[in-house]
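Visitor: Could you have a look at this structure, given as structure tokens, before my questions?
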Amino acid sequence: MPLQGAAAAGELVFYVNGRKIIEKNADPEQMLLPYLRKRLCLTGTKYGCGGGGCGACTVMISTYEPTSKKIRHYSANACLFPICSLYGAAVTTVEGVGSTKTRIHPVQESICCQRKANGKCCLDQEDDLFDNEEKVSTNLFSTDEFQPLDPTQELIFPPELMRMAENEPKRTLVFRGERVTWVSPVSLGELLDLKAAHPEAPLVVGNTGVGPDMKFRGVFHPVLIAPARIPDMNVLKYTNDGLTLGAACSLSLVKDILTNAIAKFPEEKTRIFCAVVQQLRTLGGEQIRNVASFGGNIISRKSTSDLNPVLAASNCMLNLASRGQKRQIPVSDIFADGVGNNTITPEEILVSIHIPYSRKGEYVSAFRQAPRRENALPITSAGMRVLFEEGTDVIKDLSIFYGGAVSTTVCAKQTCWTLIGRHWNEQMLDEACRLVLKEIALPGAADGENIDYKKTLMVSFFYRFFLEVSESLKTMDPCRYPGIPVEYGSVLQDFKTRMPQSIQIYQEVEPSQSPQDPVGRPIMHQSGIKHATGEAVYIDDLPLVDGELFLAAVTSSRAHAKIVSIDTSEALKGAGVFDVITAHDVPAANEFYFYDDPEIIFARNEVICVGQIVCAVVADSDVHAKQAAAKVKIEYEMLEPVILTIEEAIKHNSFFEPKRKLEQGNVDEAFETVDNIIKGEICIGGQKHFYMETQSMLAVPKGEDKEMDLYVSTQHPAIVQEMVAASLGVPANRIMCHVKRVGGAFGGKILRTGLLASVAAVAANKTSRAVRFILSREDDMVITGGRHPFIAKYKVGFMNDGRITAVDAKYYINGGCTPDDSLLVAEVSLLKMDNAYKIPNLRCWAYACKTNLPSNTAFRGFGFPQSGLVTETWITDIADKTGLSPEKIREINMYKKNEQTHFKQELDPENLIRCWNECMQKSAYCNRRKAIDAFNKQNYWKKRGIAIVPMKFPFGLGTPYLSQAAALVHIYTDGSVLLTHGGIEMGQGIHTKMIQVASRELNIPMSCIHFCETSTTTVPNACASVGSAGTDVNGMAVKDACQTLLKRLQPIIKKNPTGTWNDWVKEAFKQSVSLSATGYFRGYNECMDWEKGEGQPFTYFLFGAACSEVEINCLTGDHKNLRTDIVMDIGCSINPAVDIGQIEGAFVQGIGLYTMEELKYSSEGVLYTQGPDQYKIPAVCDIPEQFSVSLLSSSQNPYAIYASKGIGEAGFFLGCSVFFALRDAVTAVRNERGLKKTFALNSPLTAEQIRAHCTDAFTEMMANKEAASSLDHICVNDKP
């Protein structure tokens, strides 16, 4: 049926939060997320990644089925949900759940509030928030469960939509957009006619496949066909030989149907169902499974499909239809040639899928291994099936399919044919593994993949299948089939995600403290409720400014090249395009020299990394701007050398100056007297900030005197003001920079943000229009740098008793293409490298490498997470060498008395020792060490490990002027107080703490005090909110301002001591007493003399210790974090709830650096890992199942406000306790298998690395490449 003949519905009707929406010009390319945010101004639904990978845009969709009279509610990602799919549906966003203007929903309340009693805060919210374990891990950022859990509240489905569904005849819907036409037919016949007329048009149900292709890969489809309303495509039918499911059924529905069938039928018939459900549990997030179709997952033929291998192996059938023809083919047929051939013609439709019952003597299993256990595409997946001759273990039929190996699902067909007729025994296993490796040839490494790991997984999966079937045969006939050894059994159980149980322990305030004084109490974050209701405003939530333009950056595709020409002619012809901005449009400074090498706004003649901004397009919408940006043609001439790695930088002597060195004692002489010397090297990968709010700015020209308002997501408004003023050639007093709050920063929103804000400001200056510049997640990851990759080479001398006497080390950090903060990071890595240990003789160099990657920058911990990991690595190396335990080596070398650090600053380690001892005791380390050793003896393929790591974290910024701060406090005549200061709210609760400070100092309730925004108009020249110093320095300034005001009020209070605060304020006004005051803090007296290698760069020290326990799967390298106990000395906490949250968050982010977050680049410098699909940050499944944080009691700090300590960064390093627990587990494997003790692990310690070091016959097959190794020492009926 050609489109001209289709009857148009004319208008799209749906509801949002109970409000009827009639869209007369629905655009098929319009996703629900931008529609909600820009058209309906519902900004509570956030943009996080745009690809359905993070959960920030989750909404609830409700539909009514007139046949069953049932309403279905389900969560979905608004970023991938086309509005054209919403006909007759109701959408509930976070605003529709509850708000501060109406009433807050109990779920929103429970997200913000925690139960507290007796100084303990227990986050045991499993009963409140989660229905079952499988719902735990769908979101990266936050968990909003929209369905009311309060029984008194029922969801109200719009009655009009019910009437529409019941009374209106179903009709074909046609929506025509600017470039794309959407057709939603109502019958199979109509669909087949459409497909015949438009054979290349894809079918769209959940848009989880076609959507990302169109959005991220430049695929364009002029016609989209939506078959979700066709009954034949939603069929559910039980037959004599199995179950038939419609191709449009969602994966969640398929899972529910199969789960019910498993409960209903005997186990013998449901083995295929069980294997499919096994894969569905972890396929995508719940929001994806709720909308993604069963048929779409199959027909895409993607290599990363979890389902296709098991469906193909299980002989599932596809029911196809085209005009005038129906046929049935096996799923395996669509992968027959290994590349996804044209078995299905373009005119054919997949109508339904038939899943057969399993038979007697038939066993089916499915496997997967992914970078993260949940919500991650698999590295390798597999589906395997064996059918035995009746009553025997002789193979009658065998199917082995793999995903992730090549471009589509692949079958080990020759292997299966060869093994038919063989007995299910060790000889068959040995031959099968060698045949599989020989048959399935993997292409050369692409996208940074390790081929050996994939091959290892392929044979490891088959071995796991072998074990499962052997155990099943035993249940059939224990006399004939002995099954598998008891110690092998645990590997048959996959790791399950359970809701973490968290205990938080802190000190109660003194009983004598005034009940009104909030300092020291666990006060909820001031914006907590607004975060939960979506009312907290971020940059892209600001309303549109009249005439506003949207900016899209055009970035370099070359790592090092000369710009020959820039052709903008096609871009300027694009719809809605206003102008193209280049370096020639910068009125003044295009380069900033903070060091010898400049930081650059627009590349002018040369590009020095992939992702460098060359020019920018401004248009009337972000869509038009991005479309036009893609049309800009840049011609390059490659330049040499292209330096990407630290090794290449060393080879080309490419460094930023100066190089730094710290030395104490006589290192060379000390090496002459030691008993042992070890040498080693460790590589530590980089890390992306992955803040929830991407780099965002809005530049608004004021129209006179060259004034401009900048609304920026930054940690440092003053540097943004300075850079924008310099680029525009105006004084700084014309640039007003405003920051309400920042959606995460972690160090990544300082200098880089200044450059990006300058891009927006230059565009606004040229066009005289407001310009909004919001980076997409992919652009953010490509354009900005992150944590510095690190290579350390070390030589350590020590005595037989474990005492370290000499260290000689070199640190190389990958700084990227410009200096940014790289030299400072190198310095800090040297100053903090000793961690908790006294090293009498030490020499350490740090080099900042200049490469052709995006400039790396500040990141939480600022060099210490890398240099601290190096130190702990050689601690464990020494333990291996001496035979002593790592914790013994740590205790022997820990600072024990008042002494000097390696840069000659005095240190009192009393609280370090207290933290260590308390952590040992609270974690029950010694008992658990014995229990883990016992577990490891009883389990061959799973091992546990435990590690306890101490931490000394120096606090300070090294220079007094960097820690100065100011505040401004106004008291109004009604008694209310307006507070502002130079600190930035990034989620860490600084404004909450500042209000607590003001409340104590003025002796008024927190409810009387309001914080508006941080702005260069109220507090000038504020230092950056970095280095955990925000509360320390701004707290002092707020205290100073409040004390000034109170001093002015004292005479009035003295005269009327029984008066109220309001009385005193009114009287002060009548007496012309100023009710406004600034507060100031000069900064800490810190200094460092690098020539002498000594100084006082830090003001005080934080201490801590963490004990973590893990379990690894030796066959896959997967691991589970079982338990973590943290003890932290943070002085007297101003707000324990906020501080413990900072410790927990930092720790989990540390887990990401040390075990998961892996950046991969091409040989041309292109980042492969550009979004949450490829780059995995920790999710709920990675949080330790038992997580305890205790604050050290009776700790004082005379240097900071109210004896507190800055806590934002310190907890990050403790994430390495998981790294060393994993190392401990790997060591147990290697010891059991008689492998050499010394081995090197790099960071992140991914599943791939863990598997490679758990050496066995399968990994040895990869080593000799000929797959000739037999499996002699992996047998089944005897211990190896």
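Every residue gets a Cβ built from N, Cα and C, even glycine.
Where the annotation comes from TrEMBL, it is an automatic prediction and has not been curated.
What you are looking at is a predicted structure, and each value in this text was computed from that prediction instead of being measured.
What TrEMBL lists as active site, proton acceptor is Glu1209. What TrEMBL lists as [2Fe-2S] cluster 1 binding site is Cys49, Cys54, Cys57, Cys79. For Cys112, the entry in TrEMBL reads [2Fe-2S] cluster 2 binding site. Per TrEMBL, the feature FAD binding site maps to 203-210, 293-297, Asp306, Leu350, Arg368. Among the features that TrEMBL reports, Mo-molybdopterin binding site is placed at Gln715, Phe746, Arg860, Gly1027. What TrEMBL lists as substrate binding site is Phe862. The domain '2Fe-2S ferredoxin-type' annotation in TrEMBL covers 10-97. The domain 'FAD-binding PCMH-type' annotation in TrEMBL covers 175-360.
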Visitor: Would you find the one among the binding-site residues Asn207, Asn297, Gln715 whose Cβ has the most company, meaning other Cβ atoms within 10 Å?
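Guide: Its Cβ has the most other Cβ atoms within 10 Å: Asn207.
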Visitor: Would you mind sorting out which of Cys49, Cys54, Ser293, Asn297, Glu1209 (the recorded positions) have a C-alpha within 10 A of the one on Phe746 (Mo-molybdopterin binding site)?
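Guide: The recorded positions passing the 10 Å Cα test are Glu1209.
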Visitor: If you draw a 10 Å sphere on the Cβ of Cys79 ([2Fe-2S] cluster 1 binding site), how many other Cβ atoms land inside?
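Guide: Taking all protein chains shown, Cys79 ([2Fe-2S] cluster 1 binding site) has 29 Cβ neighbours within 10 Å.
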Visitor: Out of Gly209, Asn297, Gly1027, Glu1209, give those recorded positions positioned within 10 angstroms of Phe862 (substrate binding site), comparing C-alpha atoms, in sequence order.
Guide: Gly1027, Glu1209
Visitor: So of Gly209, Gly295, Gly1027, which of the binding-site residues has the fewest other Cβ atoms within 10 Å around its own Cβ?
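Guide: Candidates: the binding-site residues Gly209, Gly295, Gly1027. Fewest Cβ atoms within 10 Å: Gly209.
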Visitor: Please identify, among the binding-site residues Cys54, Cys79, Cys112, Gly209, Ser293, the one with the smallest Cα-Cα distance to Arg860 (Mo-molybdopterin binding site).
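Guide: Minimum Cα distance from Arg860 (Mo-molybdopterin binding site) across Cys54, Cys79, Cys112, Gly209, Ser293 lands on Cys54.
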Visitor: Could you give the maximum C-alpha to C-alpha distance in Å for the residues Gln715, Phe746, Arg860, Gly1027 that bind Mo-molybdopterin per the record?
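Guide: Across Gln715, Phe746, Arg860, Gly1027, the widest Cα separation comes out at 13 Å.
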Visitor: Could you state the CA-to-CA distance between Gly295 (FAD binding site) and Cys79 ([2Fe-2S] cluster 1 binding site) to the nearest Å?
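Guide: Cα of Gly295 (FAD binding site) to Cα of Cys79 ([2Fe-2S] cluster 1 binding site) measures 21 Å after rounding.
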Visitor: Of Leu203, Ser293, Asn297, which is closest to Cys57 ([2Fe-2S] cluster 1 binding site) if I measure between C-alpha atoms? They're all binding-site residues.
Guide: Ser293
Visitor: In the same chain, outside Gln715, Phe746, Arg860, Gly1027, whose C-beta lies within 8 angstroms of the Cβ mean position for the Mo-molybdopterin site?
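Guide: Once Gln715, Phe746, Arg860, Gly1027 are set aside, the remaining close residues are Ala745, Gly747, Gly748, Ala858, Phe859, Phe862, Met986, Ser1025, Val1026, Ser1028, Gly1208, Glu1209.
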Visitor: Looking only at Cys49, Cys57, Leu203, the binding-site residues on record, which one has the least crowded Cβ, with the fewest other Cβ atoms within 10 Å?
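Guide: Least crowded of the binding-site residues Cys49, Cys57, Leu203, by Cβ count within 10 Å, is Leu203.
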Visitor: Among all protein chains shown, how many Cβ atoms are found within 10 Å of the Cβ of Ser293 (FAD binding site), not counting that one?
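Guide: The answer is 28 other Cβ atoms.
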Visitor: Could you give the mean pLDDT over the domain 'FAD-binding PCMH-type' (175-360), rounded to a whole number?
Guide: 93
Visitor: For Glu1209 (active site, proton acceptor), what is the tally of other C-beta atoms lying within 10 angstroms of its C-beta?
Guide: 24
Visitor: Quick check on the binding-site residues Cys54, Cys112, Val205, Leu350: which one has the highest count of other Cβ atoms within 10 Å of its Cβ?
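Guide: Neighbour-count leader: Cys54.
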Visitor: Between Asn297 (FAD binding site) and Cys79 ([2Fe-2S] cluster 1 binding site), what is the CA-CA distance rounded to a whole number of Å?
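Guide: Distance between the two Cα atoms comes out at 19 Å.
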Visitor: Count the other Cβ atoms sitting within 10 Å of the Cβ of Phe746 (Mo-molybdopterin binding site), across every protein chain shown.
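Guide: Other Cβ atoms found within 10 Å: 26.
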Visitor: Enumerate the residues of the same chain, Cys49, Cys54, Cys57, Cys79 excluded, that satisfy the criterion Cβ within 8 A of the mean position of the Cβ atoms of the recorded [2Fe-2S] cluster 1 site; list them in sequence order.
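Guide: Everything else in range on the chain: Leu33, Lys46, Tyr47, Gly48, Gly50, Gly51, Gly52, Gly53, Gly55, Ala56, Asn77, Ala78, Arg777, Pro1172.
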Visitor: Out of Cys79, Cys112, Gln715, Gly1027, point to the one nearest Asn207 (FAD binding site) in space (Cα versus Cα); all of them are binding-site residues in the record.
Guide: Cys79
